[in-house]
Each structure stands twice: as C-alpha cells, then as structure tokens.
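Peer 1: Sharing the feature lines straight out of Swiss-Prot:
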ACT_SITE  D205  active site, proton donor
BINDING   H5, E180, M181, E182, S204, D205  purine D-ribonucleoside binding site
BINDING   G21, R25, R44, R88, V89, G90, S91  phosphate binding site
SITE      R218  site 'Important for catalytic activity'
Amino acid sequence: MATPHINAEMGDFADVVLMPGDPLRAKFIAETFLQDVREVNNVRGMLGFTGTYKGRKISVMGHGMGIPSCSIYAKELITDFGVKKIIRVGSCGAVRTDVKLRDVVIGMGACTDSKVNRMRFKDHDYAAIADFEMTRNAVDAAKAKGVNVRVGNLFSADLFYTPDPQMFDVMEKYGILGVEMEAAGIYGVAAEFGAKALTICTVSDHIRTGEQTTAAERQTTFNDMIEIALESVLLGDNA
C-alpha cells in the first residue's frame with residue numbers, strides 16, 4: 001500500500017534496496033547495472049526502480065539529503081514494503097591525508113552530531129553500526145574485484161556548511177574516514193525496525209586539500225562502489 005512518500009505496492013520493492021542520495025543516481029544505477037527495470041516510485045521526484053542483477057531481484061531508490069529525509073524513506077521501505085536490507089551508496093568528504101579522492105569507504109560505524117538516535121534511545125548514546133555480515137560481504141566483494149577499501153567510522157553531519165571547522169581536526173584525530181550526512185540515521189532506523197543496513201561511500205572531495213569531483217562524475221563514475229554493493233548482495237544470498 002502506498003505511503004505519503006512512496007507510491008508503490010507491496011511486492012514492488014525487492015528485499016534489498018540500494019539507496020543513493022540523488023534520485024538521478026538511482027536512475028543511473030538502475031539503467032546501467034540492472035535488467036528488466038521498472039519504475040516503482042516517483043513521489044516528489046524521489047525515483048525508485050526494481051530490476052534484476054545477475055537474476056537477483058534488487059531495488060534502488062534515492063533517499064535525499066540528510067538524516068531526516070533518508071530516515072523517512074528507510075522507515076517506510078522497511079515497515080510498509082518488507083525491505084530487509086538497505087545499502088546506502090553515496091559520497092563522502094575525506095579529512096585524513098591518507099584517504100584519497102575516489103577511495104571506497106565502508107562505514108562499519110557512524111558517529112554523528114545529530115540527536116535522532118538519542119531521541120530513539122532514551123537520551124543515551126547509541127552505537128550506530130552496520131550489520132556485520134553485510135560489511136564482511138562488501139569487503140569480500142571488493143577483494144574479488146581487486147579494489148582496496150577502507151573500513152571504519154564515518155561521521156554523519158547535520159550541517160553541510162559547518163560553523164565549526166575545527167571539528168575536522170577532532171575527526172582526523174579519531175580516525176574518521178569520511179564525512180557524510182546519512183549513515184548514522186539509516187543505521188538507527190534499521191535497528192529500531194528490525195532490518196539490516198550498510199553504507200558504502202566513494203570519496204567525492206577532500207576537505208583538507210580542496211580536491212573534488214564534479215556533480216556529473218559523482219552521478220556516473222562511482223562504478224566500483226555500486227558493483228561492490230551489488231556483488232555483496234549475491235554473496236549474502238550464498239552465505
């Protein structure tokens with residue numbers, strides 16, 4: 001049954017959904033990597049598609065920018081459409097000098113300055129972590145492709161334009177691999193509603209050096225990340 005934000009029916013979505021932030025990136029992923037694709041959502045332009053990858057039914061849908069937006073879509077996919085696993089595939093900014101542009105980062109955990117997980121966890125700190133099996137499958141898929149990945153903590157920021165740039169020094173000290181805006185929220189939603197989640201990011205810009213990819217590159221050139229996500233789903237089926 002359709003929700004206020006997703007005009008689909010039960011069965012339209014696969015049990016696994018890849019979620020980029022940009023709905024146009026969702027369209028690109030569906031058209032480039034999936035077969036027998038059909039559109040299953042277009043409310044507010046947040047495009048969603050279902051198709052098959054090597055015969056396996058998989059969906060892909062955008063989630064927008066920030067924890068509030070991605071949390072709405074993740075929650076509805078899980079509770080209203082039977083989704084069991086969500087893989088966020090997005091971009092992040094690097095703060096460490098040893099993390100380079102276009103590196104692939106797997107978010108084993110996600111720190112945040114958002115208070116959403118404290119709200120759901122009775123004002124206590126909640127350790128927002130990815131599902132272990134999904135993480136291991138992504139690492140194994142990357143190894144099989146010969147892609148070096150970094151595994152560790154992300155930082156999910158509420159503000160894109162931070163008023164406190166000194167916080168980047170703290171992140172670097174604590175070994176944060178990338179800064180993005182959604183992982184901690186998606187991990188919290190998955191935990192609350194009994195699903196599993198993982199975030200895989202490609203470094204789109206470097207906060208220290210000023211290096212960055214273009215919007216067009218972010219939409220079309222992060223193929224390694226997408227292939228790792230898709231292959232990890234197949235590994236999960238065979239486990």
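Yeah, the Cβs are placed from backbone N, Cα and C, and that goes for glycine too.
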Peer 1: For E182 (purine D-ribonucleoside binding site), just give me the three-state DSSP call.
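Peer 2: Once the DSSP labels are grouped into three classes, E182 (purine D-ribonucleoside binding site) ends up as coil.
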Peer 1: Looking at Cβ-Cβ distances, which residues of the chain lie under 8 angstroms from E180 (purine D-ribonucleoside binding site) while being 6 or more apart from it?
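Peer 2: For E180 (purine D-ribonucleoside binding site), the qualifying residues are G90, S91, C92, G93, L154, F155, S156, A157, T199, C201.
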Peer 1: Once the DSSP letters are reduced so that anything not helix or strand counts as coil, what is R88 (phosphate binding site)?
Peer 2: strand
Peer 1: In whole Å, note down how far the CA of M181 (purine D-ribonucleoside binding site) lies from the CA of D205 (active site, proton donor).
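Peer 2: About 14 Å separates the two Cα atoms.
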Peer 1: Around G21 (phosphate binding site), which of the listed binding-site residues (H5, E182, S204) come within 10 Å, judging by Cα atoms?
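Peer 2: Taking H5, E182, S204 one by one, the ones whose Cα falls within 10 Å of G21 (phosphate binding site) are E182.
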Peer 1: If you count CB neighbours within 10 Å, which one among the binding-site residues G21, G90 has the smallest count?
Peer 2: G21
